[in-house]
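Chemist: Before anything else, here's the structure in question.
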Amino acid sequence: MQISINGEAREFTAPLSLLDLIDLLELKGKRIAIEQNGEIVPKSQHATSLLSEGDVLEMVVAVGGG
Amino acid sequence: MSDQFQIAGQAYQSRLIVGTGKYQDFAQTRAAVDASGAEIITVAIRRVNIGQDASQPSLLEYLPPSEFTYLPNTAGCYNATDAVRTLRLARELLDGHKLVKLEVLGDANTLYPNVRETLIAVETLVKEGFDVMVYTSDDPIAAKELEDIGCCAIMPLASLIGSGMGILNPWNLRLIIESAKVPVLVDAGVGTASDAAIAMELGCDGILMNTAIAGAKDPILMARAMKLAVMAGRDAFLAGRIPRKLYTADPSSPISGLIAAK
């Protein structure tokens, strides 16, 4: 299935949860927040939130800024 | 003497809030923050750089949220929708954290705030339980309106973001300070320590800055200078300056008993 992550199209094999995706992207343990199709998915739901064809994800992190 | 600085019900020792952008590396960021004595630090929210080396350190490792109060900002947002979305993500990112810095920009050249969009964003954020420290113009009417909607601190610019032009309109800052019941912090425009001292002498409750420290030739030394300037300015404000006397001198020494007196 094709999903968009931070504006880039990526190909993955279903079924896939957000937690699986975090693992695949080597982001495990990093403090990130995720929006799935415009809705924030709380950390507590990462394991149970499944990805579907055409999903649009935004994954953000805190960076230096003023 | 008790002189507490409180933001959203939380007391702080330092009245200096610093940004974490524009440093050479995270080690320098940490050293500058430490030298500044700041307890509140601002951070930006940006997309994860997918595919980067996962072992790369992150800002949060150098400046752990357990040691500092994070103030996620909406830098780069030009409308209320984007700003609110960014801060909702920040709240999720920081485990339900409520204290935020809202800035909604109106123009890419001046980075001047768009007060109309700022007001719209504040309405939503306050309803959703955020404690909003708001960046705004030095307009006393806008400042009052933002306070009335429920912002926990008003942060007028001293001059344009990153300009280092100092306090351009002390009179407007005084008007804002005199009518505000929440803390007023200068946010943007400070160039060097004397600017910080002047803002504090005017009666500002605190100062937020980034470029003045990060952009200095020696950021660590400038961070220390800013810390001392904010403290000196606050003490001078509390002590109360002497009135200015135009064209009139007033000797410090007794005028009687001069040995040359006839």
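Note that Cβ sites are derived from N, Cα and C of the backbone, with glycine treated the same way.
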Chemist: Among B:GLY150, B:GLY162, B:GLY240, which residue does TrEMBL annotate as binding 1-deoxy-D-xylulose 5-phosphate at the site that also has B:ALA188, B:GLY189, B:ASN210, B:THR211?
Modeler: B:GLY162
Chemist: By the criterion CB under 8 A from chain A, which of the recorded positions B:LYS101, B:GLY189, B:ASN210 would you report?
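Modeler: Near chain A, the qualifying recorded positions are B:ASN210.
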Chemist: What is the interatomic distance between the Cα atoms of B:ASN210 (1-deoxy-D-xylulose 5-phosphate binding site) and B:LYS101 (active site, schiff-base intermediate with DXP), given in whole Å?
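Modeler: Rounded to the nearest whole number, the Cα-Cα distance is 14 Å.
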Chemist: About how far apart, in whole Å, are the alpha carbons (Cα) of B:ALA188 (1-deoxy-D-xylulose 5-phosphate binding site) and B:LYS101 (active site, schiff-base intermediate with DXP)?
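Modeler: Roughly 13 Å, rounded to the nearest whole number.
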Chemist: In sequence order, what residues of the same chain, 6+ apart, have a Cβ less than 8 Å from the Cβ of B:LYS101 (active site, schiff-base intermediate with DXP)?
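Modeler: In sequence order, the residues whose Cβ lies under 8 Å from that of B:LYS101 (active site, schiff-base intermediate with DXP) (at least 6 apart) are B:THR42, B:LEU71, B:PRO72, B:ASN73, B:THR74, B:MET133, B:VAL134, B:TYR135, B:MET155, B:ASP187, B:LEU208.
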Chemist: Please give the maximum pairwise Cα distance, in Å and rounded to a whole number, for the 1-deoxy-D-xylulose 5-phosphate-binding set B:GLY162, B:ALA188, B:GLY189, B:ASN210, B:THR211.
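Modeler: Max span of the 1-deoxy-D-xylulose 5-phosphate binding residues, Cα based, is 9 Å.
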Chemist: In this structure, which of the binding-site residues B:ASN210, B:THR211 has the fewest other Cβ atoms within 10 Å of its Cβ?
Modeler: B:THR211
